[in-house]
Amino acid sequence: MGSSQEVLGQAARLASSGLLLQVLFRLITFVLNAFILRFLSKEIVGIVNVRLTLLYSTTIFLAREAFRRACLSGGAQRDWSQTLNLLWLTVPLGVFWSLLLGWVWLRLLEVPDPNVVPYYGAGVVLFGLSAVLELLGEPFWVLAQAHMFVKLKVLAESLSVILRSALTASLVLWLPHWGLYIFSLAQLFYTTVLVLCYVIYLIKLLRSPESVKQLTLPVSKITQLLPSITRSRAFVNWEEAKLTWSFFKQSFLKQILTEGERYVMTFLNVLNFGDQGVYDIVNNLGSLVARLIFQPIEESFYIFFAKVLEREKDATHQKQEDIAVAAAVLESLLKLALLTGLTITVFGFAYSQLALDIYGGAMLSSGSGPVLMRSYCLYVLLLAINGVTECFTFAAMSKEEVDRYNFTMLALSSSFLVLSYLLTSWCGSVGFILANCFNMGIRITQSLYFIHHYFQRSPHRPLAGLHLSPVLLGAFVLSGGITSVSEAFLCCEQGWPARLAHIAVGTICLGVTLGTAFFTETKLIHFLRTQLGRSRLNDKMT
């Protein structure tokens with residue numbers, strides 16, 4: 001394993017490259033999805049984005065999340081054949097979950113009216129099949145992530161999403177009577193392209209002897225990526241298998257927290273299919289920044305912390321050079337997450353209705369849409385902080401601490417389901433976001449406690465990243481007040497000249513706020529300059 005500075009450079013390179021590429025590809029997908037919404041009913045959107053997507057995501061999450069976390073945490077001296085054998089177990093596990101959940105979706109849940117949403121049964125079968133198909137690429141994905149193949153993950157996922165959106169738009173325009181067949185075929189196409197990207201890349205890499213990256217791989221031919229049985233060693237590394245089981249218990253609970261509102265909507269019928277569709281569109285639009293910015297950072301720096309830190313040891317027993325770098329990185333990431341989340345919350349409040357109207361028309365900008373979007377802006381702030389804190393926490397926890405954390409997740413899962421049902425019954429779909437905010441706050445508190453205890457006996461205080469200067473806080477408050485007044489007078493019924501004026505006011509306020517941050521948060525600016533500058537230099541050299 002390289003030095004902590006080298007690993008940090010790799011993680012920053014992966015994150016920054018991911019950000020730039022994902023912004024480009026997501027913008028293309030954003031336009032395609034906005035086009036698709038003009039041709040769909042709320043009911044079909046609800047079935048696809050809530051019911052069928054929940055089937056797919058639950059199967060995928062339960063089958064692979066624990067394996068990913070366990071297999072990405074190992075050291076450089078591992079036996080990769082055992083790790084790959086363990087990863088291939090995700091396929092039969094995915095088949096099991098796909099069959100079980102498919103039966104539940106077809107037999108136990110409410111079936112939509114076939115005149116409104118045709119071909120529901122075929123949709124369930126094909127979405128479950130797409131989940132199993134995606135798991136075939138899991139060993140390739142983990143190998144690529146563990147060796148930090150820059151841009152491969154982002155290119156593969158972004159290309160798959162764009163092609164899926166393009167196929168969906170074409171079928172919706174030309175064959176609208178196909179109903180759920182449209183989205184099922186597009187989902188199968190998405191997973192096929194995604195898996196092929198990883199397989200083709202690694203095949204070409206292994207067949208290219210002059211490739212520098214090939215020298216870093218633990219395999220020399222593609223057949224070594226397949227399951228293998230030998231008498232000289234166990235089929236899997238049992239320590240990795242035990243850690244996988246610990247993460248599996250945690251993943252099961254985390255999935256309930258992550259997709260909790262969809263489970264409540266699906267199993268308790270608190271909203272009709274149309275309201276589910278509107279909520280999910282707002283939810284996806286609101287989480288766009290989280291997927292563009294927070295997720296690449298969380299995934300990349302989880303790998304960094306997992307490689308630099310040794311489990312079972314606190315800060316005083318780590319290599320001091322490594323722990324100093326880890327603490328400095330964590331502090332800067334917390335500051336970046338806080339500033340990004342605050343910016344989205346403050347400016348999103350005044351521009352939610354305008355964004356929804358531009359994106360989906362009156363179907364989204366009227367009714368509960370703007371209130372949902374404003375509530376989600378607050379949730380994004382909590383998502384940003386939680387992503388960074390849990391990124392470090394899960395990389396540094398010992399197996400025993402992971403097991404103890406599972407009990408906390410169990411309590412959170414139970415409270416979330418109850419709270420979601422109660423709040424939704426009281427205040428409609430906004431209740432889901434409020435329940436998410438409550439549970440996210442509890443998870444942040446747990447992670448902050450772990451981080452504080454972890455660094456307590458060391459000279460490092462990374463939680464200082466959550467402190468902002470009074471001047472910068474004042475700039476946020478002033479910007480929030482000015483943009484709120486601007487929305488009241490200029491948006492959104494006075495036509496496009498008034499709307500453009502409202503956008504201009506927000507642009508000026510955003511510029512002032514970012515300028516204030518530039519001059520007050522010098523440590524963060526230095527971190528971004530050094531790491532992103534190093535990332536650009538490495539990109540030019542590869």
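Just so you know, glycine gets a Cβ as well, placed from its N, Cα and C.
Note on TrEMBL: of 320-339, 500-519, the range annotated with the feature transmembrane segment is 500-519. The stretches the transmembrane segment (181-203) and the transmembrane segment (500-519) do not meet in space: the count of Cβ pairs below 8 angstroms, excluding pairs fewer than 6 apart in sequence, stays at fewer than three. Beyond the ends of the transmembrane segment (84-106), by six or more residues, the same chain brings 51, 55, 58-60, 62-64, 67, 70-71, 121, 124-125, 128-129, 131-132, 135-136, 138-139, 142-143, 224-228, 235-237, 240-241, 244 to within a C-beta distance below 8 angstroms of the stretch. Contact between the transmembrane segment (463-485) and the transmembrane segment (500-519) is supported by 3 or more Cβ pairs under 8 Å, counting only residues 6 or more apart in sequence.
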